[in-house]
Structures are given as C-alpha cells and as structure tokens.
Amino acid sequence: MSDMEDENPRNNRGAKWQKEWGRLRSFLGGSTRLTRRQSQWQKGDGFTMVDLDLEGKPLQTSEIDGERQQDAETDCFGKNCQIFKVAASGRLSEFRQLCQNDVTRLQSRDRAGATPLHHAAGNDNLSIMEYILKLNNGGWGVICKPGDKQPTVVDVNAQDHHGRTPLHWAVREGHPQAVELLLQKGADAEIKDEEQAAPIHTAVETGQVECLKALLHHPDRVNVNLPGHGGAIPLHYAAWADRKQCMKLLIENGALPCLRCDRGSTSIHMAAMKACSGTLEYLMELAEEKGYKREMLLSFKNKQDQMPLHAAVNGGNKEAVVRLIRIGARIDAKQDDESTPMHLASSQGALDIIKLMMESADKNRQTIHLRDVQQMTPLHKAAMFDHTGTVEYLLEEGADLNCTDSEERSPLLLAASRGAWKTVKVLLSRGADANLRDLNSRNFLHLAILGGGGVATFHGELGTGSLRDLLDEKDEFGCTPLHYASEQGHLKSIELLLQQGASAKVKNNEKQSALHFAAKYGRLNTVRSLLNSPQGPNIINDPDGLGDTALHMASANGHTAVVKFLLQKGAFIHKCQGGRTALHRAAIGGHTQTMRVLLSTHAHLLNQTDKEGNTALHLAAMESKPATVLFLMTEEAEFKLNNNKKTFFEEAIELKNRDVAMAIVGHDRWIEAMTTFSRCDDFPPIYKLIDVLPDICMYVLDKCRTTASCDEKSQEFWIKYDYEFLQCPLDWRYKMIKEGIAEVPPLAVLNKMVDANRVELLSHPVCINFLDMKWNAYGRFVYLSNLFIYAIFLIFLTIFVATAAHPTSHNDFVAGSNTSSANETSVNGSSVNDSSVNGSGIHALHNMCQFKERHWLENICIVICLAFGAFNVLKEIAQMMHQKQKYFRDVTNLLEWCLYIATLVFIIPFLTDACEREDIVRLQWQMGAVAVFLAWFNLMLYLQRFDIFGIFIVMYIEILKTLLQVLMVFSFLVIAFGLAFYILGLSADTLAHSTAGLSFFQTGMMILEGPDAVDNVIVPYVQKTLLYPELTIVFIVAFVLLMPILLMNLLIGLAVGDISGVQRNAQLKRLAMQVELHTELEAKLPEWLVKRVDKVEVTVYPNRNCKGKLANWLTQIRASMGIDDGNSVDHDAARGDALNSTVTTRCLAVAIDKQKRRMKEMNSMLVQQGQLLRLIVQKMEIRTEADDRDVGDAAPMCRSGSARPATAPRSSSKNSLSRA
C-alpha cells in the first residue's frame, strides 16, 4: 500500500478491505464478523448510513433527506428523528430551536443507539458539537425557562449499540478537528467497542492518519500500546494493514515493536503473514538503526515458536515469502518441533512456495534433507498428505527416496499407512524400496492393507515378483498381510494374495490364522474365500494357542452367518483348553441366535460343562445375559451344580445380576430353580436372595400368594399361601444338624430376614400368614400353656406373700432382736412395754414353721411355689446344656435364675425349723421380696411376645436400657458431688452426708427430688452452722444445673428418641419377636411333632366368619392398634399401591427384555435382507464399491500389544497447518 493511499483512506473502503480485517479478527481469535458504519455525503444535505458485513454487502440502509422524511425513518427514530437529521446536516439555528422546544431531545437515541452528539461528530459538525458540549458544561440556563427541570448531563462517552462513542464516529469518518474537540471536552480515548477496538485502533484500522495525530497529541489521554482485540496493540493493526505512516507515528510516540498479542505474535509476524512490504521494510530499518541485525529480528518466535517466515508459509502468502527471503529470512530455520518452512510448505502442497524457496535461498538443495523432531523430511510430509506434485518435484531436486523417520518408515510406507494411493503409485514408479519395514516390522503390504487400500490398486506398479516377496512376511506380532486383509475384509486383496500364493496356514504369535481373524470379525465372504481355497480343509478346525477354533471365534462374537457356514463346511465341535465349547462362547456373549444354530446341529452341547463344571447356563447367568438364560431354560437345560457346588441361579445371586435373577424367577421353571441347590453344605437360594436381592425375593413371595378369580367380596373368594420357600425342607434340616455339617435353625429364612432388617419382606402377607400358621399349629398351645402355668405360680406366690405373717408386720422387730430383754419405748410421752408385741410376732412366725399350724391355702402355695422353682431350675440347666454359649448372651435367663433361686430360698425355710432363726428369717424375707418383684417383672417380659402388648413393653425396655447407660456414665458426677458434700458437711443435723456411702445415696436421691435449699443451705447459712458457706453454695448451684436440670432433660430427650425409633421399627420389632418365639419353640419340639403339624400351603377364605366371639374380639383389638393378619381384602387394598408399583416395575423390566429380544430378531432379519440384496445385486451383475469390502464388525486401529495405532498419522506434535 502506498503512502498516498495511506493519506487518503476513503479510497480504500471496499469489500477487499473488509475481508482483510475479517481475517485479522479471525487470526486474533475473535468473531469473524466485522461491522462498519460508514457515512458518505450524497446530494444536497442528505446522507446514507450503511452497515457492511465482511463481504461488503449492505445489511440495512436508512436514507435521510433534509427536505423529505419517509415513513420508514419515523419508525427508525420516532418523534425525535428531526434532531438527528439536523445534527448531521449542521444547521445550528434549527438545532438550537429544537433543543429550546424540548431539551430532552439531546438525550434521545436512534435505532442504532446513537445520540445527536454521535451524528454531529460523525459528520464533522463542530458548531453543533460545541453547542452540545457547552450545554453539557453548565449552559442550560440559556435555553431553559425559570422553573423548568434541567435534564441530566449529556454523556460525552455515550456508547451506541455497537459500543462506539462519538470519538469512535469522528475517528472512523476521518474528522481530526472533531477528535480534537472531543478530547478537549473530556472524551475517554480508551473505551472499546464491541470488537474491543479503541479509537486509536480504529484510526490505524481505517488509515486515518490525521485523526491518529490528533489522538497522539494527547499522550496523557491516549495509551499508544493499548491492547485491543486478541491483545493486539495499534502497532499490530498497522503491520497487518501495511500502514507505514501510522506505524511511524506510533513508534515515534512510544509504541513498542517487541510487544506480542495473545497468540504471541509480534508486529513483524503480522507484517510477514500479510506480505506488507512497507511496514516490513520499515521495521527492518528501525531495527538496524537501533543496532539489531536483521537475522535477530527475523528470528523472533511466537507462542508456537514460529518465526516470521513460518508464519508467512502457514498463511500461504507467496509474496510475503518472497519479501522475507529477500530481506534475509532463513529457510532452514526450525520451530519448536524442528519443522522448517520447507516442511510446512510440503505439508500444504504449496509447490510454488517450495520452488520459490529452493530457487531463491537453497542453491545447494540442503533443506530437502533436513528433519523435524520425528525425523521426517519434507518428502515425508508431502507423501503423508498425498501431494503428488510436491513429491515429484522433491524427488527431482534430489530428495532421498528411501529415507526413514523415527519409526523407521520411508515415504512409501508412510503414504501407504495414510492411504495416499496416488503418492504410492508415484513412489513405486520411481523405484521406492517396498521391502523396508517400520518399527513394528511391518512391510509395505502390511501398511497398505491397514491403510484401507486394495493390493490391486498398486499391483501393476509393484510387480508380481516384489509382491510375492512380501506375501508371508510377519510383523512384530506375527501377522502376515493376509491376516490384516482378513481382519479388514478386503475381498479383492484376499483373492489376489491367495492367487499369488499367500499361505492361509501361517499363524501369528497367538497361534491364530487368517481364518481366526475373519471369523472373529464376521467376515463371511472372507471365510468363504479362505475355505474355498486349496488350504481350506486344513485350517477349518485348526486351534489357536488357547485351543479356540474359528467356530469358537465366530460364536463368541455372535456372527451367526459365519457359524452356520462353518457348520455347513464341516467344522467340528472342539473344546478349548478351558473345556469350553462354541456354545459356551456364545452364551458368554449373549448371542441367542448363534446358540440356536449350534443347538439345531449339535443338541448334545446343551448340558456340557467346562473344566470348572459350568454349563452354558452358568456362564450366561454369571455374565448377566438374561435373554440367554431364558433361552436355555426354555430349551430345557439341566440345572447342574458346578465345581463350587453352585447352580446358575446361585451364581447370579452372588454376582448381584438382578436382571438375570428376575428373568429366572419370571420363567415357568422358577420353582425348579428355587429348589435346586447343594443339600450338603449350602442354603436354599431364597436365603441368599434376602441378603443380596431383596426386591427379587419380594417378587418370589408375590408368586407364592395366589387368589381366586372370582369377586373379592364373594364368600368363595380364597387366598392361597405357599410356604415352600419360607422354610428349609425338614428332612434336609435335621440331616444337616445330625451330621454336624451346619447349624440350621428353625425358621432360617425368617431369621435371615430379621438379621438383614428386611421389614418389607417380613411384613409380606405370605410371611405373616406363615407365622400365623406356626402359631395356630403349636405356638399358641405351647406358649399359652407355659403362660398358664406361670400365672398359677404367680398367683399362689402373690397370695402367700400377701397373707403370710412376716417380720415387717410387727413394730420394732429388728430393734428387739438386738437385746435379750423387753425394752421400754416412749410413744407420745408414755411408756409402753414391747414384750407383748414382739411375743405375738414371734408366735406367728413359729406357727408358719409348723405344717399343721398353717392354713391349708398357705400349704398349697408353698408346695406349688417349691415345685415350680425346682422344676424350672432343672429346665434352665437343660436349656444351658442345649444352647451353650448362646444361653449366656440372653439377659432374660439371668433374671429367671434369680427368680427361681429367690423363690426356693424363700419357700424352703417354711418346711424346716430354720424359719425360727433370726438370721434365716432376715435372708428368707429379703429373698421373698426379690422373688415377688422378679415374678411380676418376668410376666411383663412374657407378654412382650404378644403383638397387642409387645410394642409398649419393647418401648419400656429400650428406655430402661438407655437409662442404665446414662446412669453408668453420670455415676462419676454422683461420686464427685457425693464426696464434695461429705467434705463440706452438708445436712449435718440430719446425718445425710455423715459418711461417704450415705452421701452417695443422698446425692442420688437429690437428683430426683432436687436439693432442699431451705433445710440444707438457707437455714444453716443463717444460723452460721455451715463449715464452708460460700463454697457450699457454689457446689449446690453447680449440682442443680448439672444434675436435676441437665440430666433430666437429657433422659427425656433420649427417651423420646428411643420411642420414636421403636415406633419407626415397631413392625420389625413385633415380627422379629414372633420369629424368635417360634424359633425357640420349634427348636425344643420333637422332630415327629414338627413334621406332623407343619404345613406347606394354606388356603384362607377371608370373607367367611368362622371365628368365635373371643377371636373376633381379639381381631378387633388388633385392628384398632394397627395390627393386621394380612388375610383380609382390606389389607390387600392397603398394600395395593406399593405392590402395584413393584409389580409395574417388574413388568417393565420384563417388557424391556422382550423388546431387546425383538430388536435382536429385527437385526437378524435386516442382516438376512442385506445378504439377500447382495445376492440380487450379484445376480444382476451390478458392481459397487461395497463389493470390495466384506461384511462384519469394524476392526480395531491397532493390534494387541502395539504401542501406537497401526494407521495413526505420524505428524509433528504441533499442527503443521496452524497459522502464525
């Protein structure tokens, strides 16, 4: 660009200018859209506002004429459009009149968001601008009438919708005087528009030299190095647009050429990329004036370590390359990946630039031999991207045809691996060595096939002799080209390789032949070609290193068509080294269609096992293939045990394969699956379902409950409960116990539910009715009998204690026993002789020791209590021997021992003369108190077995446990305060704290009653009898805060929490107690009785009232307490929502499985239709590109053990096509 053009920017405003700035925006990383508002004077006093896009096309145009206003303009500017027109035209008197009529018009905005000041500045109307800015500085009184409200100050930095201020408008339209005026009036020169351009960027961008000078005259207001879009400073803008004069002004005013944009490019990079000779030469001259060499300036690097010449080559600008070379840029300079400009040009196929660099700066042709970080030459780069013209030119200039890179790939190998077939033909015709190998020992033929090309493509250039030399060569993994052709499905290549004599018997390092590869990826036509070859019969049953044949491979990957073809060709059913057949492989993959084909030919495979004893059904269940499991179950597969004594169902449960378990339970053979297990050392499957898959167990219980098909309110409506899976078979259970294999408790399934906290399972109607069956069969008779016997004992013990004479009914019996003579006692001031009283008490006690002297009822009570105590002591001993360690873990057993021993100690002395001895009497009646207390307390524990009372008793026991735990913790505080009060001598007159023991006791009582402040503190304090009054008061206050208040509130809170917890788990607690009751009872009953009363199923008619009045009354009580037996229709309605939700979920799961099976069937049908269409096309002799590729799965990019993909491009770490 010339200096004359730089002075007159209006001559350079076309579409080309817009495109250049769009490229700059794109280069700097921002939006590619560049909007420019341009004002051009038209006829008269009108003007046109034009918005341009990058191509210079008008987006919207509004033409305003001074004489005539169009309707569209009114829509654009509204009622204030006249002021914008006048501000643009410069008619000051008219503008002044408009402002005097309505001063708020100065703040109005047009459709683009511009104010009148914008229009005045954009049209260089200085008089209008001075008028507006004068009013802005306090001149409102000139146009305002007294009392008028003055508008707010006009913003000199107001921005339109594009973020441009009036200063932007003035600079863009080239009005330096307007720029000067705005800067004098306080305009901010660093405000940026929506494209991050400040006025100084706009001045350089549009080439407004005079405006730039006006801006630079205010160095305190204008930052000459202000970053703009993408971090570019004004100097970058000047370099990009070749604004030499602007660049001079910027540098003279302090611009720094060494500053970089966000991408790390300097001004010289910008100039080099755009071939801006003016700015480039100026920067070079400036550097030389500063004492820098041109080589140093041309060696500046951006963030990609690219030098200016690299940037120019990347930009594809031939003119820029020429100019850089002329001023001394080196074509052998390397960037961070050691790529030279020659490498970059070769990658792009820029032949003209390559020729230019070779002719201008490389007379010795040295750059064509330079290598980058991957040891690639420019020839590698050209061959890699299939630039045949560049390849031929480089070869003519002396490039090494067979040079190798860091992976030992020649240009021929690299082109073959990238599918650059034109370059391959050129290189072969030039005599490239096809026998070279890469780092993985792959030859040209390996890489060509992996690159997707057919051997026929370059067979003519390669020649038959050279081709045969490469046929059976192996790479690092032992694979020949035929292996890869079979893997990729290149039919023409396979046919040509076989015709040329390639051996199909060659195996790789894993002992796999090409047939294994073809079968693995489902290449049906490839398999057909291999088996139809003369070597076919020898390889069809050939195993690999693991014993897998091609049939194994095809079955494992579900290639049904290949399996069918192999069976038709006579493939044998072999077992691999693990003992697995093709059916095992298909079952692992879940390929039911393949399994159907195998079983249709070899039905004996159905129940064959591998070395671990697993059938195909086992493997399908273990691999979570529900459709396959259903298929094998339908095919009547046998439910065998593997070497781990597990069925397929047990394996699925242990692996938590929920879908498989659901499919098994939903099949017609589900009962067989539930009852098949190892009866030697394992539990039934439902025992594991409870622990691992409770939702599946719930589904099983649902299937164990069936109802009649009639109306639910009919008398004939019945509910049938099947208990087969809720109890272990009795014969098996007793056998396990007798043989000592395992300890199987009664009701093992329900006990497992209790241990796992499966309240939703325990509350299932089947479980509830199972417990009711147990209760009706033997539980109520045994338990009520025990309760009846215990009640008789309790009644007679209570009668005897209440009626028998005992020392506490006589006054001063204890005191009288300490003296040998009758004492005189003063009562109400009179003397009384106690000999008569004591004598009557001793006489009564003497009569109690005489059988004939006692009342007959007392004798009956003594006999019954003695018999009950003795019998239960023997019972507890037998129970201890039976339960062993478990017996001592139950606190109830300790209470019963205390009860029975206390009863015997209390009763036995009445049968001897020991009751007349004072020490025996003392112990006897103390034990009586203990016995009667424990008897009634134990009755409460008996009643917790009944669901009517049990929940309340459980609450009481839980709170009692909490209380004991809290008291154990806070006993330290009782000791602390007790000792403190003992030392301080509290309550000296009452002797409550006279000893340490009494002090502990009194402190404990004070917790419940609270300290008596009057008697213990106030009165002694007033009477000055406290030893340490101040400290005593401190301890009393601390005691009140820590013990009665804090401790009581803590206990209340814990009690509430315990009750809430019990209420939340009330159902589980109640059912758990019933399970425990029946477990204990059944463990004590003889085997023959349990077998006689036990039932496998029960049918209930809920609408028939066959109960007595007492039973109905108890049922009403149970219903009022929220306890139901689960037999009623109302109970079903209560559980309806939850059950329906669960059943719906299960039905959805089954439906999804069915849809999956249907989709697989549809896929199979589509494959068959595709094969049919292929046959039709072949019959009609229609050739397509698809005929050259076989059907099947996509092959992987690399072989097992390869460090890199086989066909991955070998390019530099940086993108060689990236811009500077």
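A Cβ is built for glycine as well, from the same backbone N, Cα and C atoms used for every other residue.
Those TrEMBL annotations? Automatic predictions, nothing curated.
As written in TrEMBL, here are the features:
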{"type": "REPEAT", "residues": "112-134", "note": "repeat 'ANK'"}
{"type": "REPEAT", "residues": "162-194", "note": "repeat 'ANK'"}
{"type": "REPEAT", "residues": "230-255", "note": "repeat 'ANK'"}
{"type": "REPEAT", "residues": "304-336", "note": "repeat 'ANK'"}
{"type": "REPEAT", "residues": "374-406", "note": "repeat 'ANK'"}
{"type": "REPEAT", "residues": "407-439", "note": "repeat 'ANK'"}
{"type": "REPEAT", "residues": "477-509", "note": "repeat 'ANK'"}
{"type": "REPEAT", "residues": "510-542", "note": "repeat 'ANK'"}
{"type": "REPEAT", "residues": "546-571", "note": "repeat 'ANK'"}
{"type": "REPEAT", "residues": "578-610", "note": "repeat 'ANK'"}
{"type": "REPEAT", "residues": "612-644", "note": "repeat 'ANK'"}
{"type": "TRANSMEM", "residues": "781-805", "note": "transmembrane segment"}
{"type": "DOMAIN", "residues": "850-1066", "note": "domain 'Ion transport'"}
{"type": "TRANSMEM", "residues": "856-874", "note": "transmembrane segment"}
{"type": "TRANSMEM", "residues": "894-911", "note": "transmembrane segment"}
{"type": "TRANSMEM", "residues": "923-943", "note": "transmembrane segment"}
{"type": "TRANSMEM", "residues": "963-984", "note": "transmembrane segment"}
{"type": "TRANSMEM", "residues": "1033-1056", "note": "transmembrane segment"}
{"type": "REGION", "residues": "1187-1220", "note": "region 'Disordered'"}
{"type": "COMPBIAS", "residues": "1199-1213", "note": "compositional bias 'Low complexity'"}
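Touching of the transmembrane segment (923-943) and the transmembrane segment (1033-1056) is ruled out by the presence of fewer than three CB pairs under 8 A, sequence neighbours closer than 6 excluded. Beyond the repeat 'ANK' (612-644), the same-chain residues lying 6 or more positions past its ends with a Cβ under 8 Å from any Cβ of the stretch are 578-580, 583-584, 586-592, 595-596, 599, 605-606, 651-652, 655, 657, 659-660, 662-664, 667, 669, 672-673, 676, 678, 1153, 1156-1157, 1160. Taken through DSSP, the repeat 'ANK' (407-439) splits into 16 helix, 0 strand, 17 coil. If you look at the repeat 'ANK' (407-439), the same-chain residues 6 or more away from its ends with a CB under 8 A from one of its CBs are 374, 376-377, 379-380, 382-388, 391-392, 395, 401, 445, 447-448, 450-453, 457-458, 461-462, 466, 469-470, 475, 1204, 1206-1207, 1209-1210. Across the repeat 'ANK' (477-509), mean pLDDT in this model comes to 88.
Under DSSP, residues within the repeat 'ANK' (510-542) fall into helix, strand and coil as 20 helix, 0 strand, 13 coil.
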